[in-house]
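> Take this structure, written in structure tokens, and hold onto it; I'll ask about it next.
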């Protein structure tokens, strides 16, 4: 027995029981520098550590499984039906690697590098009754600096600029901004938009300077100018009509409610004595209601904003016990004239009825798609994000077209189909390998006569000569000569992964690679060239139809011959298919590709190009149809669904209300939450066995999952029509739903509005303060609070300073405008033009609209208010009193938003990442259940694929919005220190990569399905536990990561090893495939075994991906199934690899929960005493 005394290193020895019959892995020598480990375990080799003591097995005891005490375990049943050498020992390492397993093992090497992982079970398995069995290993040591360096490459483009809160960068940033604005206004469409916006204000301002007009409109004649500012004419005709209707309706509603409050407060003697309380009650009720409507329905923004201003004016302006009904007309009539003036200017001056924004979106989308076909691209990360943004922008462009009245040549139904087809093309481009490093080794290194070397101005990449559109000889794209010396030079191949030097190719491998490159070089080149030309011609045709080609492009040199492009791309596709068929039938091509990963990567590169060509062909067909019809200009009424339109609004209103980034983010998150909630409880695990009678009897019942929570059960009982719950219970649940909904941000915003507006309105109803309140028109402070408030984003310190400064600047400049020449209208007009041109630009086109509108309104109120009062009592008093009112309103709105339920971008970012991880787990579970492990007869149909693509599109938008939210963190002041965005950016990028792996798994599964997994019941049953552990390990990791981010809690140090679970699954699959391969040589069973062992192609889904092909040829089906089996397996392994990245960066964000330090001396004393 080993001694328990301390050894030379003063450490307690560990006793290790081993069997001499087990073969040990050779250990690296001490002189070798081992690579960085992902998992670190103690090596068990003899002589490697003095802390380990090995006890030899007694000679009389067998080392087989029969000598092991089983306890609650049992011998594994050989469910495959094939005995493996008659031994109970798992064949494990003795089984030759299967194609999928061998290629996936190469990807798992990085995760299990130098891990002495003994997966030997000796024929024993645990009877877990379906429970998840996790493996835990010591986590790797993380190099923080290395992680942060990698994270720098994932930062959004906004972080390339200097920090917005940097004092040293403030003045240079302002000067650069001024130059950018001047260039934009003088050279782009922004100048026309600014001209229209300013013209609406300036005409109204000039009319208010005319004495006769000012006297006829009344004391508050400047309301016409404010009306022209709020619904300025710098928008489309449809949006202007919609805004005019909503603002007039809102103003009438506010005036009507205020008039009713005034009438009631003057109806009786007691009411007159307490008129202030009546007005306060009516104001609180109305402001709370419209604040909630402002949050619930974005489409009603213009209505409620004008209603709030009108009711504030009615209840707080000129408050007195003696009512003056004339003030209602002095507000309402100028407002009507302001809207009529803006509508007239919008229709007459360079009108735009929605055709130009659509044309701009389409033109920009074609430009990005054209860049997506430039292979390789100098910035793959930015290109991927641009494609994702374009995918989202196309949906937004169609939505903006159908929200309002439009005059265009495009039918909304055609635009919807065009959007879907363009998104299909983008989806295909996202699946292309943008920068492959494979073909450079087979590039033409021999100087051919008459073939000039192309000049590449981009950064040198391994595929630049092959795929650049500037190549003078495009037929050399894939055409290659090996030029590999027969002396055995090593060749390095890297495809989307780290380099592994020293890969030596055999002559057979070299011949196979050369064969594929020779056959598919020219047709692939032609396909890429045809697609680029086709997209350019589609762009030209659509711009011609829109009437904006002269301003947007493309140049006239680009042809509009769609039929020619369609004919050319179809010929190229036919040629490619012929060459592909000849290649697949070539006897020189290896029968299997397990030892030819380069050939697999070649096929996986060229086949998505062929699929992208099919998407482009469908787009050409639609554009050709639109070109043939060539409709004229027509008026189209709003066609967007009414219920959905309440949650949407046009582009200009989205900008003017502010908080665009946060609004888009919360909208996308709410959409995802609703979609994922519907998917969360619909998954049903496959039953082990179930009688047909039981299945028929349960078809009409609600089948519950074990994961359904109590709230879901209550909802199911109370809301189901077939439920037998009492009416009282259903009523109580519905009442709870309403009250629970009132706890949302909408009610919180309404409460904040009520608090600020009611407290600031108190002086209006007190006799002590009523005099100065009416004299100084302090009710503008309440109006400012209402305008500055936002349901989501209250504003940061920079916003507070900027808005208050704009309010003060507008008041001072308004006072100077009147005081420069004692109210000379010409001088005031000049002052107005000088100040309002930049301020209108800030309100209508910059990223800070709320500071712009404060400056505009404060200037109008002070300058025209002084003009109406003839400068009495003094211009200075008018300027500073109104200016203080605006500053108080700005400060109150921002401060209350800071105190009550503030919006903090970095907190929302952490919650968004938590939700994204949960959504990733749901999608992973759905892909595995619907596309990978399904029963016969439950194959995914076309509607399932469309739903998956829709869900993927929404998740892509989610990543776009989360990155925009990350950019908002730069504008927040953090007292504890600067916020580090690097781990957050890297985690977003990691989640997106995990999602892309899932998309690739789904797409690969359309071509491949392991038939023996489902057809062979014994094999499927044998794999069930391993599949469950592999899937559950990933799901549990994602759930733990999401929970840690959501609660801002430290992450456990030890997490289930998804890599080990994946390796066990691959090893067991190798055993089953090797066993069935051995059984295929048994007489009488050869045909059955081959039918079970072969992989199944799914031609009906191949047609979904390649719609232009008449049918999926049976000859190429098994070949492509085999090729995509590798992609399928590698992408599932890629999910495991990406999970490790998610763990590392999550720990960087929330920290790692370790163990308390144990005093070694105390531990040694205790152990010695016990011994």
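Cβ from N, Cα, C; glycine included.
Automatic prediction, not curation, is the source of TrEMBL annotations.
Quantities reported herein were computed from a predicted structural model and do not represent experimental measurements.
For reference, TrEMBL lists these features for the protein:
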REGION    1-65  region 'Disordered'
REGION    79-103  region 'Disordered'
COMPBIAS  85-103  compositional bias 'Polar residues'
DOMAIN    195-262  domain 'Putative ER transporter 6TM N-terminal'
TRANSMEM  198-217  transmembrane segment
TRANSMEM  244-263  transmembrane segment
TRANSMEM  275-293  transmembrane segment
TRANSMEM  300-319  transmembrane segment
TRANSMEM  331-350  transmembrane segment
DOMAIN    766-896  domain 'Integral membrane bound transporter'
TRANSMEM  800-820  transmembrane segment
TRANSMEM  826-844  transmembrane segment
TRANSMEM  851-868  transmembrane segment
TRANSMEM  880-900  transmembrane segment
REGION    1076-1110  region 'Disordered'
> Mean pLDDT over the domain 'Putative ER transporter 6TM N-terminal' (195-262): what is the value?
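Summarising the domain 'Putative ER transporter 6TM N-terminal' (195-262) by its mean pLDDT gives 96.
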> Taking the transmembrane segment (300-319) as the first stretch and the transmembrane segment (851-868) as the second, find out whether 3 or more Cβ pairs fall under 8 Å, excluding pairs closer than 6 in sequence.
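Between the transmembrane segment (300-319) and the transmembrane segment (851-868), contact is absent.
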> If we skip the immediate neighbours and take only residues 6+ beyond the ends of the transmembrane segment (244-263), which ones have a Cβ under 8 Å from one of its Cβ atoms?
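For the transmembrane segment (244-263), the list is 227, 230-231, 278-279, 282-283, 286, 300, 302-315, 323, 325, 328, 331-332, 335-336, 339, 342-343.
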> Using a Cβ cut-off under 8 Å, which residues of the same chain at least 6 positions beyond either end of the transmembrane segment (275-293) come close to it?
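Tertiary neighbours of the transmembrane segment (275-293) are 254, 257-258, 260-262, 264-266, 300, 304, 307-308, 311-312, 315-316, 319, 321, 746-747, 749-751, 753-754, 757-758, 761-762, 764-766, 786, 789, 791.
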